[in-house]
């Protein structure tokens, strides 16, 4: 049994190459109807070099039509420069404007602070720079189409520019949330709930069945913890990624310091090599934030802080007395946050606040279990005496937000990604429990491991739209409509051939047939024979040569020793041309037909020729407006209101009533008619 072509198959495959029962290196492959899409292309924060990549070796990058990046975090876009520059990928890549602006600086920082040899680096600063030219931008809610794949995006909350992508292939809709948050915070709007219900929902499961504490309570706990650390003369370290939650925490701290004058002498530093560039991006893209920020920008820019200074490196840091430092990266793997942590961890007055989600295998995750000692980057063992607090500002959905989002959309299939194995399993079980007694809503929940494919079947109806000329008139019941069926990507149209150039990129071609046939007989014999057969023969003159138009489509031109047929090739015209050819060959090859035909038509053809030429002659004498044909056997000449009629068969001329006394007109017409007849009559 022959395999079904991928484009005709009803099978849809979803395969995580990363973020399958793990957090990190998000990369989901979608295959349907011969199209392949990659959703995100991240790295694993807890791994290095090639080990941090998704399982790209399981696919052929050249087959990917479209790559969509949900947001700028490294676990969602960190492998993108490598994929665009080091593989055979030739498809198109899209992300939002804000994501592209921040991607450039965030990955530049990643390249600089990575603590691995140049040989193990996935890509260079040059690769990153060149990858920018291959990335296209999309506005929120803007519909685009690539290779028959329609897609658009919604606000996802989470971070500035984060997007959820709705993808439609052959009528099947899939929503990929990326990382999203349904809770509005100080600067970001909550994730939108699409008004279109998807058939498949690929959704993050980072927090599983956990419920977040209320925003107000969380902010108060955070501010109190920071206040306690500086009150005891300590230094507060808040490891964050340069962009994302950092801006939210800066807004909170700046407002808290403003309301507490006793803290004004204690400095807050935003320690990132990207600090200045990042804040410029945030100050630019305020229109992508929530209403509160957009209203405030009319008075002052909330991202121009009063109590926070930028700290580019440790060289510029005067580490004397209590202070608060927000430093990147967020999981304390390397960079400024790692330097400060190793410098401060032995003093019990100091404190570290973990404010975001931590991936397994990172130092941030390790210290949350409060070990007695830690290992420095140089391999030295240090006692951990500073306080460790975990206050999650991670803008991911909790169980309540996730379940409400699913309840609003009611997708038949839910695919869980971006969650640790146990958290994901608990979320899957909770969702199944929620809908097991609901007869109206049937939802299948899947939680595939990395490289494991989820296979779904979608059998869509094929509808063809009648367009253009064929759609001008409403068809009646039982009427047959015929045209050309045009398939473009996954859309079918029925068109008239004349509309092809209007509705498609197809060019219309015509084939002109020319056929020469030997013929030596009188040309008028062909006229007679074809007229007798078809009743549809028109006399023409082409380049001063006698010609006939038969069936309104076949042109017959007299040439010396032959006739030439011309027509536009199509099934009906070809059939007409065969008929005309048969008649010509029959007249040419059969002397009896020619002799009999001459006798039958000589008189008729003589009258025909005589009539035409007499009309021309009289027009030359009296003027074109004075001569008219009454019927096949009568010509009329009218001069100064007097009319003379000529009987072409008898050549008799009679004047109409009131014109009898004008003998001169009658005699003049009669003489002209007689002389022409004598000139045309052959001498035997």
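Just so it is clear, glycine is given a Cβ too, placed from its N, Cα and C backbone atoms.
Note that the structure is predicted; figures quoted are calculated from it, not measured.
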Given Swiss-Prot lists 71, 73, 179 for Zn(2+) 1, the same-site residue among 97, 158: 158
Among 366, 413, 418, 442 - the residue Swiss-Prot places in the same Zn(2+) 2 site as 75, 76, 179: 418
Candidate annotated as phosphoserine in Swiss-Prot, where the set is 181, 659: 659
Packing count at residue 465 (SUMO cross-link) (other Cβ atoms within 10 Å of its Cβ): 12
Residue 158 (Zn(2+) 1 binding site) and residue 76 (Zn(2+) 2 binding site), Cα-Cα, nearest whole angstrom: 13
Pairwise Cα distance for residue 462 (SUMO cross-link)/residue 179 (Zn(2+) 1 binding site) [Å, integer]: 35
Nonlocal neighbours by CB distance (under 8 Å) for residue 545 (SUMO cross-link), same chain, sequence gap 6 or more: 557, 558, 559
Fewest other C-beta atoms within 10 angstroms, as judged across 158, 462, which are the recorded positions: 462
Three-state secondary structure, which DSSP defines for residue 76 (Zn(2+) 2 binding site): helix
Binding-site residues listed as 71, 73, 76, 418, least Cβ neighbours within 10 Å: 73
Cα distance (Å, whole number) from residue 73 (Zn(2+) 1 binding site) to residue 465 (SUMO cross-link): 43
